[in-house]
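Each remark here refers to the structure printed beneath this line.
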Amino acid sequence: MVTESIKKAEETCAGDPVSGECRAAWDEVEEAYCKDHPEADECRTYED
């Protein structure tokens with residue numbers, strides 16, 4: 001799923017790398033990665 005999300009993000013961002021659609025596509029990559037690797041530093045959440 002992460003590989004598919006990366007491919008989609010790269011395609012989405014090819015024309016306009018600073019668009020809202022591009023940012024959303026990379027957010028999906030991050031969500032897919034964190035679903036598969038919740039212990040990764042990038043995926044940790046902290047409560048106050």
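Think of each number as a place in line: the chain as shown, counted from 1.
Note: Cβ is positioned from N, Cα and C throughout, glycine not excepted.
Caution: TrEMBL annotation is automatic and unverified by curators.
Database features, via TrEMBL:
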- 1-48: domain 'CP12' (DOMAIN)
- C13-C22: disulfide bond (DISULFID)
- C34-C43: disulfide bond (DISULFID)
If you draw a 10 Å sphere around the Cβ of C34 (disulfide bond), how many other Cβ atoms fall inside it, taking every protein chain shown into account?
16
In sequence order, which residues at least six apart in the same chain have a CB under 8 Å from the CB of C22 (disulfide bond)?
A9, T12, C13, D16
Summarise the domain 'CP12' (1-48) as counts of helix, strand and coil residues per DSSP.
32 helix, 0 strand, 16 coil
Taking only same-chain residues 6+ apart in sequence, whose CB is under 8 Å from that of C43 (disulfide bond), what do you get?
Y33, C34, H37
